[in-house]
């Protein structure tokens, strides 16, 4: 079976879901089921039992593995505090590390992310850091011992698709020196997820594209199928693009050549 690992955790599904932006918990549960997701990210701030509007979230997520995230953290210090709280509330050792000081474009801070990752690893967390598509930073995080790296495809919630493809191709080339690569943020269509998986990267994380669809469960199923198709295409070994056309049927033995009738075989 084609499984993958995040630290010691073995997973079958390569589609991770976010839990935000759904109309209600019932729709969220239907989407999770349609995606056959094993892991769902959840903001530590939403897990707090007295958080307004979020009562019942943990109950709604029963049966899946929770991945607490540090959404809302603007500095390494804030991220570490949220990660500790997430471990206390969920009992999970792993954490999706997000350090985002920029409220306009929601781009992650590479220096604070690196600093927070180092501290959390020292505290025995399994760290899954959200980051820009920076291969040098990815290798620095890998050297610290992060469980994954999570480069963005486009800004969070934009739905722009794989705008960073050229840089993600570098991640695919360097996979042997990296932990699992999970592409996170900006995917708007199932075809975007398939494109990422065709590169040979390990998984994708999707939230807004599913939660804001007119039919979230149907879109979740579409993303699941796209991830599976992209992964199978990668494993099948795609053909290499050519610089010129190549006929799919042999031309030898036909009465005409591409430049006209063969000698002696014109109209009778």
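Any Cβ shown, glycine's included, is placed from N, Cα and C.
These come from Swiss-Prot:
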ACT_SITE  96  active site, schiff-base intermediate with DXP
BINDING   157, 185, 186, 207, 208  1-deoxy-D-xylulose 5-phosphate binding site
COMPBIAS  258-268  compositional bias 'Pro residues'
REGION    238-268  region 'Disordered'
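Feature annotations (Swiss-Prot) mapped to structure.
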residue: 96; record: active site, schiff-base intermediate with DXP; Cβ neighbours (10 Å): 28
residue: 157; record: 1-deoxy-D-xylulose 5-phosphate binding site; Cβ neighbours (10 Å): 18
residue: 185; record: 1-deoxy-D-xylulose 5-phosphate binding site; Cβ neighbours (10 Å): 27
residue: 186; record: 1-deoxy-D-xylulose 5-phosphate binding site; Cβ neighbours (10 Å): 22
residue: 207; record: 1-deoxy-D-xylulose 5-phosphate binding site; Cβ neighbours (10 Å): 21
residue: 208; record: 1-deoxy-D-xylulose 5-phosphate binding site; Cβ neighbours (10 Å): 18
Exercise. Round to the nearest Å and give the CA-to-CA distance linking residue 96 (active site, schiff-base intermediate with DXP) with residue 185 (1-deoxy-D-xylulose 5-phosphate binding site).
Key: 13
Quiz prompt | Maximal Cα-Cα distance (Å) across residues annotated as binding 1-deoxy-D-xylulose 5-phosphate, namely 157, 185, 186, 207, 208 | solution = 9
Quiz item: Reduced to three states, what secondary structure does DSSP give residue 96 (active site, schiff-base intermediate with DXP)?
Solution: strand
Quiz item: Around the 1-deoxy-D-xylulose 5-phosphate site (157, 185, 186, 207, 208), what further same-chain residues have their C-beta within 8 angstroms of the site's C-beta centre?
Solution: 18, 154, 155, 156, 158, 159, 184, 187, 188, 206, 209
